[in-house]
Every structure is written in structure tokens, then in C-alpha cells.
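Taken from Swiss-Prot as is:
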type     : residues : note
ACT_SITE : C142     : active site, acyl-thioester intermediate
ACT_SITE : H235     : active site, proton acceptor
ACT_SITE : E237     : active site
SITE     : D111     : site 'Important for acyl-CoA specificity'
SITE     : S192     : site 'Important for substrate specificity'
Amino acid sequence: MPINIPNGLPAASVLAGEQIFVMTEERATHQDIRPLTLLFLNLMPKKIATEIQYMRKLSNTPLQVNIDLLRVDKHISKNTPQPHLDTFYKDFEEIEGRNYDGMIITGAPLDQIDFSDVTYWDKLEKIITWSKEHVTSTLFSCWGVAAGLKIFYDLPLINRKEKLSGVFLHHTAQSLNPLIRGFDDTFLAPHSRFIDFPSDVIRKHTDLEILADSEITGMFLAATPDRRQVFVTGHPEYDATTLSDEYRRDLAAGKDPKLPENYFPHDDPTQIPSCVWRSHASLLFGNWLNYYVYQITPYKW
């Protein structure tokens, strides 16, 4: 089934070129089934690229999905054209009185900044707190996970000595939780973060069920018992070359980054990496939409 996104959004032409079923708003209005409505809080600097990555994953299910794009504030972006933000993104005040079937809160390049020093922290805290009453299930990603854990469990930011960057093997929990239904016992996923999410700390201080982790990455996937919050510390939405792009960006900035682990063929950055996490990424987002959103959300709010 298709994903329904706003007319004119750049992601529409990109996805259509990849033969991904994208439905126009006009056509969607003639569908008799009730579509899911998701709120997408995009905290990443390169918003268009992030939109495309997530929408690829959200489109690969039998469910029709409508997307509302949300920005946390109106600051002038250095990486996204202002007309794009003004055209496609809503402010929180516009949607505060609505309810949503699902919500995604992306990561942000704020790993080494205290929450109190994040300029939009108060607004973000308000949005995340609001989501508990107005969203059936919210999926947090990377830095968004740290923000959610701070707000819901008062967990402080834990930083690693070195950035975790690369593609790592994870172990799936022996659980009947439908979020990992169909997962292999082990699977690969990319990470790109300074934040640490030790599994033992998460188990000790929260009620989360850890559904996948590894000794290297710590917790990768966890959920609350009521399925209302999902936490994904990696970046299953990433394209094959995203880690490469980040590595070259940091090189150009003089940061002397480490080579992403288990990523470039023969650890040679001149070679093109493969995407070896695509199938499990699609399964994760499909399971979330089906079992945590569609099967739980009320037909009428």
C-alpha cells in the first residue's frame, strides 16, 4: 500500500523514481479505508535527506500512511531551504489539539551537549510530554532516544569516549514481542553516535523491554510494556552511503574521525559500501506500524 505525502514534497519524485508507491493527496481522499496519520518530528540538519530515508521505510507496508512534518522551532536552517520548511512543516501550535496514530522523533547532532544547553529543550520536552496523551505509539531514534529517556525516566546523558560509528551485529531477544516478529537471531544495523546506552543501566532504571542489543552497541531496540514508546538507538533508516558521507564530512572539518567499523569493503574508504541492514530495517518499521500503531490505535479518536 502507498504512503501519502504532501503534493510537491521532494521525496515524492525521488521515491516515485525508485518505483515506490506514492499516493497523491487528491487520490488518497477517495480511499474508503482509514489511513494512519503519523507526525514526523525532524531534528536532523539535512531534513530533506532524512525525510526520504524514513519515508522509504514507512512506504513498504500494506498500510496507507499520511505524514505531517513537524519542526521544533522556526530558526533559520543552514542545511535546508527555508521555503521547504515554510511549505511543508507545521509548528507545534498548529497540531497541539490533534491526535496521531504514530510519531517519529529523529536523532540530532547534539550528542555532546547537555540537555539544558539545547536551545529548544523546553519546547521538545513539551512535545514529548504531549505525545503521551495524543499519540498511540512514538518511535524515538538515536539522540531522540536519549531525550525520551531523560524526560520519561530522568536518565542522564551517558557519553562514550569515542564515537560509535559503523555497522554492528545485534542479538534479538528471546521474546514474543511482535516488534521483532520475523527477525533473525542476529542482524546488522548502523550506528553513529557518541551517546552510550548500556543495557544493564536501561534494565536497572527503566521498565523497558530490551528487544535487541549487543556488547558493543549496548541497547539497540526497546519498548515500553504498553507499546506506547519505542526506542531505536541506531540508524536503520540510513542509506548505504550515509556513514561514508558523515565520515568524509568530518574529515573535511578536520576532526580526524575513525573509519566506520565493519563498513567499507576491506576497510578501504575508496570502495563503495553495501547496505546489509535494509531487510531488517523494513521489517522493524513494518512491525511498528502494524502491531504498535494500526492494531492499537482507535478508529476514531
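Note that the numbers count up from 1, one per residue, in the order the chain is shown.
Yeah, the Cβs are placed from backbone N, Cα and C, and that goes for glycine too.
Features as recorded by Swiss-Prot, highlighted on the structure.
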{"residue": "D111", "record": "site 'Important for acyl-CoA specificity'", "CB count, 10 Å": "19"}
{"residue": "C142", "record": "active site, acyl-thioester intermediate", "CB count, 10 Å": "27"}
{"residue": "S192", "record": "site 'Important for substrate specificity'", "CB count, 10 Å": "20"}
{"residue": "H235", "record": "active site, proton acceptor", "CB count, 10 Å": "23"}
{"residue": "E237", "record": "active site", "CB count, 10 Å": "25"}
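E237 (active site) sits 19 Å from D111 (site 'Important for acyl-CoA specificity'), taking the Cα positions as reference. When the Cα atoms are compared, D111 (site 'Important for acyl-CoA specificity') and C142 (active site, acyl-thioester intermediate) turn out to be 9 Å apart.
S192 (site 'Important for substrate specificity') sits 7 Å from H235 (active site, proton acceptor), taking the Cα positions as reference.
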